[in-house]
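Structure, as structure tokens:
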Amino acid sequence: METTVPIPTSAATPTSSLSLSLFSSNTNRTSLQLPFNSKPPPSIITQQQQPPPNNPKLKFAFQLQNDAVSGKSRTTLLGGAELDVSSFVNVIESLGDANAVQEGFKVHAILVKNGYFDASLYIKVCLVRMYFRCGKVELARRVFDESSERDVSLWGAMVAGFAHHGMRIEALQYVRLMVDEGIMPNSALMMGVLPLVGELGALRIGQEAHAYLVKKKFYYEQVRIRTALVDMYSKCGDVGSGRRVLSSLVERGISCWSALIAGSVSSGGFQKAVKSMVRMQREGFRPSHVSVASILSVCAQSRALKRGKEIHAYALKHWFLPHVSIASSLMVLYSKCGLIEYCRNLFDGMERRNVILWTAMFDAYVENGCFPEAFGVLRSMQLTEYRPDTVTMARMLSLCSKLKLVKLGKEIHVQVLKRDFASVHYVSAELINMYGTCGLIDKANLVFDAVLDKGSMTWTALIRAYVYKEFYKDAIDLFDDMISKGCAPNRFTFEAVLSVCDKAGFVEEAIRIFNLLSRYKVEASKEHCVSMIQLLTRYGKLDEAQIFVEMSSLMVTCNSHFYGSAPSLLPISVRKFQSSCEYHSIASLKFTQVLAKEKTKPKVPPIQNELHINLVETQQLHCQLLKNCSDCAYRLTFPALKSYSSNAALYSFLITSYIKNNCPEDAVKIYNHMRKTDAKIDNFIIPSVLKACCVVPSALLGQEVHGFVVKNGFHSDVFVCNALMMMYSEAGNFASACQLFDDIEKRDAVSWSIMLRNYSRHGMLNEALNLVREMHAIGVKPSEIAMISIIHVIAELADMKLGKAIHAYVTRNMSYEKPSVPLSTALIDLYAKCANLAYARRIFDNLSAASIISWTAMIAAYIHCNDLNEGFRLFIKILDEGMFPNDITILSLVKGCGAAGALKLGKLLHAFTLRNGIAMSLNLATAFLDMYGKCSDVRSARSVFNNSTKNKDLMMYSAMISAYAKADCIDEAFDIFAQMTGCGIKPNEITMVSLLSLCAKSGSLEMGKWIHSYLDKQGIKADMVLKTSLVDMYSKCGDIDTACGLFVEANDRDISMWNAMISGFAMHGHGNSALELFAEMEAQGVIPNDITFIAVIHACSHAGLVQEGKRLFCRMVNEFSLVPKIEHYGCMVDLLGRAGSLEEAQELIKDMPMRPNSAVLGSFLAACKVHKNVNLGEWAAKQFLSLEPEKCGYNVLMSNIYAASNRWENVADIRRAMKDAGIHKEPGFSSIEVHGTIHEFVMGDREHPETPKIYEMIAEMREKLEHAGYTPNVSVVLKNIDMKEKESAVNYHSEKLAMAYGLISTGPGIQLRILKNLRICEDCHNATKLVSKIYGREIIVRDRNRFHHFKEGFCSCNEYW
């Protein structure tokens, strides 16, 4: 979309007038309305005269003013000489230099009164200059408009004035108007135009100006003109043209070289900039410190540390240090790269430090989060001869705002007042912002009132201060007050006020304020539109919101491409090139005058293969196509587009361009528009549309496109079929992708690559390998992309033997001496996942040019193999190599840290990201959150979640829920879930699986049932993972019947669901049911894996099926060729230990091929406690001690074994050793869920609100139990106390307290579910059996080992637990 600035017509307005204010000595004011070109009425000028000022330059002006006041018509000077034009010119120039606008008004009136206004055109030139210098742009326009004659000087004054005020567009438009009136610019004017073109980056206009200068040879021969051209081309990014202009200069000065170096650096040509410096020195010119500083500034922006160090060395070698600008630029570079010690060394090495250096050191500490050191720099600065200037003061106040240091802010405020800095707008604005951020709105108002000349910055700061305090109505009133007092708001003011309306819901006010943008000539930005869209959408005004959505999507910012597509600046255009327009000197071009009505279609070079335009250019092309401009492509600055002769071809290009610029929704809209308008859609457009469907994603639209493909006969095109396969793959429709692959008659390498990728993404690794074998059998040579997909498949399998084979295949069949960087990177990842770091490092070291992706893969390999120190060293080496990691690199490494549990390295990456200003995208923030969650640092995870300012998406909410699920924080997890659904975000399967796993761990059946019903109500399709999670949840919450029902209903069971059901039966002690299910699984052809055998042997252990367990262990090894893991040995030890075969279990531990872990020894030690075998218990305890001396488990078990044998001295020794070592026993607790709330109890707990009622129920239970024949089993009290104390202790065990609360809180016959973190004791087990019979309740207890179902005085464990 092209935006034009309204320019006044050449005809003057005869009735234009100016308001003049005349001041007398007593400050009385009279307002005079006076046309610019008419004489003032004498009767109005009646005020007293003013005494002349002390400034001799203004004495004559004041004398003229006093004459006007007294009604005199002076025509002579004080010395008797006649007044002439030159006298008035000198006066007006002096008034402009002194910014004395009021006196200028009066001199202007005298000129009109005495007839000098039209006497000389130069008088008007001087008046225009004066008004521009005094900031009165509109008055300068009016002087210009009322001039009947205009020469190049008057036009030049207008152009220079607009340029001085930053109004570059208006300046160029006036040049265009000047040319339209037949006045050609001179060299002085062109010297002013070229810098404007460079600042705007308007390359096309610059080329036209260059062509004009070449035509006017006497201009082009001037060295200063060519220097300006070099500078213009450099600023426009066309360094090649700038270099050619420089080469054509016979006498090259330092300014030309400096301009070229600055342009090379800004366009990223660092090496070219260095070469230019070398050539410059060969010609006898020493680079200026400005050139060196400009290179350093670009190095700082791109964080190119290695290059920055090279320039540092160059500066030292050629004695550029200790120049202040070089030193400060180096400090900025090192600060942005996180090397704060380098900054300090530079700073300390400077003998003479000025305010700039002190401020640079302060900024360096602030940027790296070293706030105490930053304030220390300021304190040291106060002790020197230098004092903080306005810039330093503003930055100090900004830091106080950020840290909410109101006390320090007040101290700085005192310094501001002492040094009279409060009148500086940005200082006063920072003061107001500081007080507003800290909540001191009264102080902010006082600062605001004290500012005499309030600018837009000051008003905007106070509006934002009101926003901090949520004084929304006051903020709107303040904005209206700002307008009524004549202060023009800027774009930031409108952003602040529109955000107020958005937060407060002021719809009508927002529309009114938005409409004021055009009145104050403020261009609507995307921020303005976003505020309006959010507000209108929230209040249901969707039609109005749609207007702003379209405005935002088609919004064009003022950048180089806008000006490049604007109408011609000069009546000159390039008709044709002698050869290529890109590689020949500008002097070789032919130029010709082109009439206004001529439209000649230019000849263009061939289309480039890699044509790409940015989003703004794409939107411009889209807008012009919508206007049905058939020749729109020829008015754009994209020569390759001129060969697109049809709108259909341009639409195809537009779709591709929108996708490349990450706007797939707009690409889809174009396709829909083409379908509605019956535009031609061919087989080249279809793949682009399908790619947009992949990115959006939109499976429904993809299916519609598929139907269109079949209907129009495009399904035989392999490119279209490949695009359809990719679309279905991204949409998760694997079956349709496979069907398409099977239907393709002539598959190309891309078809195979897509299918390989599909198998890999869906975890079908064996099928992927079969596909590779099929490719090899029919002689299809895989492409490099296919090879990378194959390597990824083998990496997921972690098959070292197959990995070496594919490595050899790559080496034999590659067309170059070494594999490409992407292939080598994939091989690094393969060997890392196979835990072979030596091979991975060898490949990495042999890379000729390692990319940032290769570095990332190698670091991730070290993280994956838990070699964190080497990974950290390699990360530091990246920085030393000058390859600054981007957000994708950080994202990959953070994911690796989460998988490996490397919390320390993850925190270092987080600090590095924040310190170096890497954009914290939503994906990166989610990765950090997930990493903290996997490392059990819930506090840091929640901090990342809260600090994410962008709109949180489903992945971030799911990651936060997963973090809480891992930490067993059920309430917090469901709070986040409520926030997510409250924001209108629909959960997916991953979110629900996390919540179900949390319910399973906490035993919260009611919450699990609620999630199950929520899935049905919301229509969330349950995939196999979700179904398996439901089976697991019901099993672990004690409802084995519902779990079994869900298992039976599932038709497409995978191995995970079979394992979940077998594990469920094992936990509930249904050993025979588990064995039957295992047999059924084998009968259906499902091959058991290692997890299956863990579950089924565990079931045998809890059911006492020793022989069946041994048989299964042998089958696993002999029949299924599975290598037993330590978990399998742990199950066998537990099986033998529970059955009393302790010696056999001990022999198994000794014969294990690996060292036993704490789980194996813990099972054996627990069995020794049950069977009271002290000798074997002591043996196991010694093994445990050598393995994990800091753990308390073996100490507690051994203490209980000694206590059961009445060896109290040994018990005392163990407990004393635990106390000395600071080892604490894990406290036992029991929990019960009542009405959706989980209540926890510990032994003798009296913290519960219902404690009196609970203990009354305990007394009632004890009385009824005694009547039923119950006697407390005091042998479970493993303390050396008397019998009465032991009886009292067993009465208040945590499970009995939970049971009592359940009885008083639920109605008769309601099932009670209790979760115990330790093994239930024999006394509580016996008491619970009787309670279930006395009160007629079914009581389900889940302890550390298994479930106990108590009913009618019996337990499902059959006394075997």
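The backbone N, Cα and C atoms fix where each Cβ goes, glycine too.
Any TrEMBL annotation is an automated prediction that lacks curation.
Noted in TrEMBL for the protein shown:
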{"type": "REPEAT", "residues": "151-185", "note": "repeat 'PPR'"}
{"type": "REPEAT", "residues": "253-287", "note": "repeat 'PPR'"}
{"type": "REPEAT", "residues": "354-388", "note": "repeat 'PPR'"}
{"type": "REPEAT", "residues": "455-489", "note": "repeat 'PPR'"}
{"type": "REPEAT", "residues": "490-524", "note": "repeat 'PPR'"}
{"type": "REPEAT", "residues": "647-681", "note": "repeat 'PPR'"}
{"type": "REPEAT", "residues": "717-747", "note": "repeat 'PPR'"}
{"type": "REPEAT", "residues": "748-782", "note": "repeat 'PPR'"}
{"type": "REPEAT", "residues": "851-885", "note": "repeat 'PPR'"}
{"type": "REPEAT", "residues": "953-987", "note": "repeat 'PPR'"}
{"type": "REPEAT", "residues": "1054-1088", "note": "repeat 'PPR'"}
{"type": "DOMAIN", "residues": "1269-1361", "note": "domain 'DYW'"}
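Same-chain neighbours of the repeat 'PPR' (455-489): 425-426, 428-430, 432-433, 435-437, 439, 441, 444-445, 448, 496-497, 499-501, 503-504, 506, 509, 513, 516, 520, 522, counting only residues six or more beyond its ends whose CB sits under 8 Å from a CB of the stretch. Tertiary neighbourhood of the repeat 'PPR' (717-747): same-chain residues 683, 686-687, 690-691, 693-694, 697, 699, 702, 705-706, 709, 754-755, 757-758, 761-762, 780, selected by CB-CB distance under 8 Å and a gap of 6+ residues from either end. In terms of DSSP helix, strand and coil, the repeat 'PPR' (455-489) has 26 helix, 0 strand, 9 coil. Away from its own ends, the repeat 'PPR' (748-782) comes close to residues 718, 721-722, 725-726, 729, 734, 737-738, 741, 789-790, 792-794, 796-797, 802, 813 of its chain (Cβ-Cβ under 8 Å, at least six residues beyond either end). Counting residues per DSSP class in helix, strand and coil order gives 26 helix, 0 strand, 9 coil for the repeat 'PPR' (851-885).
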